[in-house]
Amino acid sequence: MLQIYNTLSRSKQVFKPIVPGKVKMYVCGMTVYDFCHIGHARVMIVFDMVVRWLRASGYEVQYVRNITDIDDKIIKRALENSEPISALTNRFIAAMHADSDELGLMHPDQEPRATDYIQQMQGMIGKLIENELAYQGEDGDVNFAVRLLPRYGQLSGKTLDELNAGERVAIGGGKRDPLDFVLWKSAKPEEPADTRWNSPWGEGRPGWHIECSAMSCDLLGAHFDIHGGGADLQFPHHENEIAQSEGALYGQNRQENDAPFVNYWMHNGHIRVNEEKMSKSLGNFFLIRDVLKSFDPEVVRFFMLKAHYRSPINYSDAQLEEARSGLTRLYTALTHIPEVDTVPIDLQNPWAKRFADAMNDDFNTPEAIAVLFDLASEVNRAQGAEKQMLAGLLKSLGGTLNFLQRDPTNFLQAGSKDQSGLSSEQIEEHIAARVAAKQAKDFAKADGIRKALLEQGVVLEDKPGGITEWRRA
């Protein structure tokens, strides 16, 4: 039975979908003004894993991940580049899709762009004004009146008295209270024409928080199963989403028997780089595409899922090399077994049960991967039909996390992308020269070739019958 840690309740809860057998899930996606970094990769990989396991468990999943394609940062970058907003955002949406595809991730079922949902956002803002939870200030902005919603702070655990307005937002001329946040930003004279839309409150554009409320409610309904995102979005973004969505539906006082906006809130942990916060100023800011120049996409996914999704993780080349070594162990167990086919996962099987128990415990991928390592050791010990069956089970269980689906030799010979640069053909030439040296009984030369290849990250393994296999270290 699946249990999910719900940020809202601060506890693990048995997962009970609103409609039996069906799951509606919304994840906050990217703001597209630059290339995606490894923090974005973690969000993509974590919720890709969640969807895969839900589907493997028999659920029909509707997976929605939005794109923020209008935002202050987007406007600033477009002005710097002297290009239209749409040209900038389309370019980085294409780059995001390319990164996601190279990582081997599934596409969301729906990927709404904020600019396609302006009408829905305006409708929700109008409802909040009608419910006396929003107002238009003197500067033309429409703001949410935070203090009028008594339950504000339920997700973050912050009370209105605890909130420090100075830390959140500087009070503007149009706000009645420093805690209030903007729903609709009035257009400024210097802003481009493609950043403004007509509205009942004058020309302007939506605030960031209202975008996700409107898109999720339009596509999934006012009450759905799972909302996910990075831990940094818990407050204020997700807190504000709850305020807007429930405020529009129920007004100022949601009753106990009223359905909440979302049943389960999931948040993945931060990424640190060499034990420091990732930032451009520290020079430790890594783009997905740059990481993939040095490391195999499957290695990057394995690195991300070796840690529990809620835990912070430390990014370093050493950690990625460790992940590569771990995957190498698993793939090595599948070598020398003809035609390893996946097998149906029978939860009566003790290996499958251990794996499923781990995944059903709040998607505990570290424990699930530990089961894969134990199973790989058993594959190495087994013989005959049992070895074939266990290898198929290893491939099947790994496949639920999108691991171990390649030809083992292909993975083992791919190695790290920042190796010496020896091609497969060059390595085979060295192996042929070593075979010739051994046949000529020049064992010193043969050993020298082995050592030279090892220094360049290539491991040779002599097999019965005079066969030599190789893999990258």
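Cβ coordinates are placed from backbone N, Cα and C, and glycine is handled just like the others.
These features come from Swiss-Prot:
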type	residues	note
BINDING	CYS28, CYS212, HIS237, GLU241	Zn(2+) binding site
MOTIF	30-40	motif ''HIGH' region'
MOTIF	277-281	motif ''KMSKS' region'
BINDING	LYS280	ATP binding site
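Taking the centroid of the Cβ atoms of CYS28, CYS212, HIS237, GLU241 as the Zn(2+) site, the other same-chain residues with Cβ within 8 Å of it are TRP208, HIS209, GLU211, SER213, HIS227, GLY229, LEU233, HIS238, ASN240.
Least packed by the Cβ count within 10 Å, out of the binding-site residues CYS212, HIS237, is HIS237. Remark: secondary structure over the motif ''HIGH' region' (30-40) totals 3 helix, 2 strand, 6 coil, with classes taken from DSSP. When secondary structure is read from DSSP and collapsed to three states, GLU241 (Zn(2+) binding site) falls in the helix class.
In the predicted structure, the motif ''HIGH' region' (30-40) carries a mean pLDDT of 96. Following the DSSP three-state reduction, the secondary structure of CYS212 (Zn(2+) binding site) is helix.
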